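S.K.: Just dropping this structure here.
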Amino acid sequence: MATNIKKIAVLTSGGDSPGMNAAIRSVVRTCAFLDVECVAIYRGYDGMIEGDFVPMNARSVNNIINKGGTILKSARCEEFRTPEGRKLAYDQLIAEGIGGFVVIGGDGSFRGATTFNEEFDFPVIGIPGTIDNDIFGTRYTLGFDTALNTVVDAIDKIRDTASSHNRLFFIEVMGRDVGHIALNAGVAAGAEEILIPEENLGLERLLDSLKRSKKSGKSSSIVVVAEGDKIGKNVFELKEYVEEHLPIYDVRVSVLGHMQRGGAPTAFDRVLASRMGVKAVEALLEGKTNLMVGIMDSKIVLTPITEALRGHTKIDKELIRVSDIMTT
Ligand code: ADP
């Protein structure tokens, strides 16, 4: 079904991730290519409620494909959680003649978008922008690949100093609910152990593994810990525990924190963002709504946002097995 949408809005919302700018660029350029007006909404749903709109054309997004963060700024907006706030946003969109919007964000932003769609029958399409890779309906979210590379780079550097001093490092990476960053970065950087929210390794096994590692002659050890690891101890508690039970180890902690969210997007994220932006605009113009753009088996696909919100992409069991073998 074709629509008579003449103007499309794009916004970034919630936690930022590398690749958001490339996705904004793609939405804006696709609109220009298809001769549809495009409007940027600044500061997420806050800007939608306040009518913080700026017309965009193909030249407005020059030289941003390689930039981290989001030129549109992002925000967390409490007012949008209320029916009154959403009504104000709806009135602003209608006054501006906007016929649909593309929201680039995480599950919270999608929850807002789907509620808005259901309340006002307003066309919305989501692009998953979050480094955690925790959204169902897409194998990769925008920013995951960049964050992964950032983490691997950081661990490589830490390993240099760890091996110079025969140290054990606990490195905390992002991932409260899912361990995609920890598992993939751990395998890529050759970590001795990887602690993730999905699997409980157990403290005993951790100690055994570290003992084995020491015995086998390794000069340093890296343990990658996802924020929400299932053992339930944070990196500082783990350090204390290991120091108490394995005094042979000189233990250090490194929390990578927000550096994981920044930096120039990788080629993979730029290409993914470009593909997702095209699909998002085309979907709106075809009369599709309440859907999220994702990538599955290398193909760009659409999934109902309500389904995308139902769960997380499961951790790759085969990769866990590979990791177990590699840490021998
Ligand atoms: P992310 O999109 O990164 O998960 P948040 O969870 O902070 O980030 O969500 C971003 C914004 O989406 C929130 O600040 C709020 O404005 C909106 N939002 C989140 N959950 C809801 C909800 N249940 N209903 C309406 N709006 C929501």
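Here the Cβ of each residue, glycine as well, is placed from N, Cα and C on the backbone.
Heads up, here are the entries from TrEMBL:
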ACT_SITE  Asp132  active site, proton acceptor
BINDING   Gly15, Arg76, Cys77, Gly106, Asp107, Gly108, Ser109  ATP binding site
BINDING   Arg25, Ser26, Val27, Val28, Arg29, Arg159, Gly190, Ala191, Glu192, Lys218, Ser219, Ser220  ADP binding site
BINDING   Asp107  Mg(2+) binding site
BINDING   Thr130, Ile131, Asp132, Arg167, Met174, Gly175, Arg176, Glu227, Arg252, His258, Met259, Gln260, Arg261  substrate binding site
DOMAIN    7-284  domain 'Phosphofructokinase'
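Neighbours and distances for these, please.
M.R.: Remark: Asp132 (active site, proton acceptor) has Gly106, Thr141, Phe144, Met174, Gly175, Arg176, Asp177, Val178, His180, Ile181 as non-local neighbours, by Cβ distance under 8 Å and separation of at least 6 in sequence.
Of all Cβ atoms in the protein chains displayed, 22 besides its own lie within 10 Å of the Cβ of Cys77 (ATP binding site).
Same-chain residues at least 6 positions away in sequence with a Cβ under 8 Å from that of Val27 (ADP binding site) are, in sequence order, Ile8, Val10, Cys38, Val102, Gly277, Ala280, Val281. In this structure, Val27 (ADP binding site) is part of a helix by DSSP.
There are 22 other CB atoms within 10 A of the CB of Asp107 (ATP binding site), with all protein chains counted.
Its Cβ taken as reference, Arg261 (substrate binding site) is surrounded by 19 other Cβ atoms within 10 Å in the chains shown.
Residues belonging to the domain 'Phosphofructokinase' (7-284) score a mean pLDDT of 95 in the model.
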S.K.: Please list, in sequence order, those binding-site residues from Gly15, Arg76, Cys77, Gly108, Glu192 with the Cβ less than 6 Å from ligand 1.
M.R.: Gly15, Arg76, Cys77, Gly108
S.K.: Please find which two of Arg25, Ser26, Val27, Val28, Arg29, Arg159, Gly190, Ala191, Glu192, Lys218, Ser219, Ser220 have the most distant C-alpha atoms, given that the record lists them as binding ADP, and give only that distance in angstrom, rounded to a whole number.
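M.R.: If we measure all Cα pairs in Arg25, Ser26, Val27, Val28, Arg29, Arg159, Gly190, Ala191, Glu192, Lys218, Ser219, Ser220, the largest is 52 Å.
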S.K.: Tell me which residues of the chain lie with their Cβ under 8 angstroms from that of Arg29 (ADP binding site), as long as they are six or more apart in sequence?
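M.R.: Non-local contacts for Arg29 (ADP binding site): Ala58, Val61, Gly277.
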S.K.: So, three-state DSSP: helix, strand or coil for Arg252 (substrate binding site)?
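M.R.: Looking at the DSSP assignment, Arg252 (substrate binding site) belongs to a strand.
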S.K.: Take the Cβ of Arg76 (ATP binding site) and count every other Cβ within 10 Å, whichever protein chain it belongs to.
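M.R.: There are 15 such Cβ atoms around Arg76 (ATP binding site).
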S.K.: Using only C-alpha positions, which one of Gly15, Arg76, Asp107, Ser109, Arg261 is spatially nearest Glu192 (ADP binding site)? These are the binding-site residues in the record.
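M.R.: With Cα distances computed to Glu192 (ADP binding site), the winner among Gly15, Arg76, Asp107, Ser109, Arg261 is Arg261.
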